[in-house]
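A short write-up of the structure that comes next.
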Amino acid sequence: MTGGGGDGKEKVSVANVALNMSNAIIGAGIVGLPYALKEAGCGLGLMLLVAMAWVTNYSIGCLIASAARVRATSYDALARDALGGAGEIAVIFGQFVFDYGAALSYLIILGDTSESVVEFALKRHAPGSRELCIAVASLFMLPLCLLRDIAKLEACAFLSIVSVSVVTVVIIAKLALRNSAPSGALRFANGGDPLGCFQALGIFSFAFVCQDSVFLFYNTLRDNTVDRFRRVSALALGASALYTVVIAAAGFVAFRDGTEANILNNYDVRDYAAVVMRVFYAATMMCTYPTCVFVCRQAGHALLRSREAYAGRDPDVLERDVADVSSKRHAAYSVSLWLTTVVISLLTKKLGVVMSLTGNVAGSLLGFVLPGLIALKVLALDSRASINDDEDLVEGLLESSVAEKPPSKWPYVGLVVFGGFTGVLGVATTFTSA
């Protein structure tokens, strides 16, 4: 489900795949990065941001190397081969939570930006305008959510790139042209709330984790060896880290202690440049939100399929691809996802909490815990520790062209511990501070 074979598609170079991967990483999450520095402290936050990019790059390398050894072409297939049905379900669950959280984030950002645009247009604050904007926009998005083919939304990718570029230019320009210094010191760490760094890690995880779609990029790479894709990953994560450091630092330095969870909210509603930035971003959220519904619909169907297959109920849900289910079930999936996300976004404005929880739960699971567990399992099979229990998997290992001396297990153990520790503490810290 998470990136098939890519057969029949044009293969591209390392540089082009790295560029596409960078575009996928740098998205809506950038508006929350300055707030993450506020939570962790400027110096520590920037260190954690770079560290998160490095760990994500290492995790991707683990996934691709493991997949090459067992000849898997998607994340869920790799998890199923290495960890069994429970591993596949964990991947699908992580995808559902991650994209559901992303959908909520997009609606909250849409509400915040639209409210400011309405206030600019009316020259006064209009109570209830945020809720009205979300409700009206969601009605326009519902037909897009009901589409079965996600390819019809590919043109929205260009709008996303333009919007991110506009936000970048405005943030940096506003910092360079500011007339007065903001309140608050540039502290290395947040001494008032030392645990704020775990909430920040969740936001960084939300921004960087892309393991659920990494096989889409791997399968489009020309001569897609493990070493070549490691170059892709290093280039993409390195460029993304540099870009996000600039955005996070520029946004935080401009507002410091007053930095909002959505940096767009910090700019004056009467500022023409900020209005343009908000309009672009609101349009991007409207176009990007349906793609999250597509992923959640597929993941939710896969979860139901795994449960109902064992019970022998409802043959419609046994269709492997959600695109093949009946129109009635398709509508039920789509409307349920659309309605629940809209209602939740109407009830909360806490973008930082949503991003942090999504990153700490789904990001930690998909990005660190599962890749570490998969690598440990493949390592054990590679050293012939479990041949009798996994004959098909070991056959793939023995025939693999990338067989080599097994590496140490401890980096993989560290990846699992890192994901579990930061995820649990991040969730606890987020709920405590909410």
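Note that Cβ sites are derived from N, Cα and C of the backbone, with glycine treated the same way.
Annotated in TrEMBL:
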DOMAIN    11-382  domain 'Amino acid transporter transmembrane'
TRANSMEM  12-37  transmembrane segment
TRANSMEM  43-68  transmembrane segment
TRANSMEM  89-109  transmembrane segment
TRANSMEM  129-147  transmembrane segment
TRANSMEM  156-177  transmembrane segment
TRANSMEM  197-220  transmembrane segment
TRANSMEM  232-255  transmembrane segment
TRANSMEM  275-296  transmembrane segment
TRANSMEM  353-376  transmembrane segment
TRANSMEM  410-431  transmembrane segment
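Of the Cβ pairs linking the transmembrane segment (197-220) with the transmembrane segment (353-376) and spaced 6 or more residues apart, 3 or more are under 8 Å, so the two regions touch.
Remark: the transmembrane segment (12-37) contacts the transmembrane segment (232-255), by the rule of 3 or more CB pairs under 8 A. Listed by sequence, the residues of this chain that lie at least six past the ends of the transmembrane segment (43-68) yet keep a Cβ under 8 A from its Cβ atoms are 33, 36-37, 75, 78, 82, 187-190, 197, 200-201, 204-205, 208-211, 214-215, 218, 225-226, 229-230, 233-234, 237-238, 240-241, 244-245, 248-249, 252, 367-368, 371-372, 374-375, 378, 400, 402, 411-412, 415, 418. Taking every listed stretch (129-147, 156-177, 275-296) in turn, the largest tally of C-beta pairs under 8 A with the transmembrane segment (232-255) is reached by 156-177. With Cβ pairs under 8 Å as the measure, the transmembrane segment (89-109) is packed most heavily against 353-376, out of 129-147, 275-296, 353-376, 410-431. With a cut-off of 8 Å between Cβ atoms, the residues of this chain six or more beyond the transmembrane segment (410-431) that come close are 55, 58-59, 62, 195-196, 198-199, 201-202, 205, 353, 356-357, 359-361, 363-365, 367-369, 371-373, 375-376, 379. Tertiary proximity for the transmembrane segment (275-296) is limited to same-chain residues at least six positions away from its ends with a CB under 8 Å from its CB atoms, namely 27-28, 31, 95-96, 99-100, 102-103, 106-107, 109-110, 113-114, 116-117, 120, 137, 140-141, 144-145, 147, 150, 153, 156, 159-160, 162-163, 166-167, 170, 264, 267, 269, 334, 337-338, 341.
Distant neighbours of the transmembrane segment (353-376): 29, 32, 55-56, 59-60, 62-63, 65-66, 75, 78-79, 82-83, 87, 90-91, 93-95, 97-98, 100-102, 104-105, 108, 198-209, 211-212, 261, 409, 412-416, 418-420, 422-424, 426-427, 430, 434; these residues of the same chain sit at least 6 beyond its ends, with a Cβ under 8 Å from one of its Cβ atoms.
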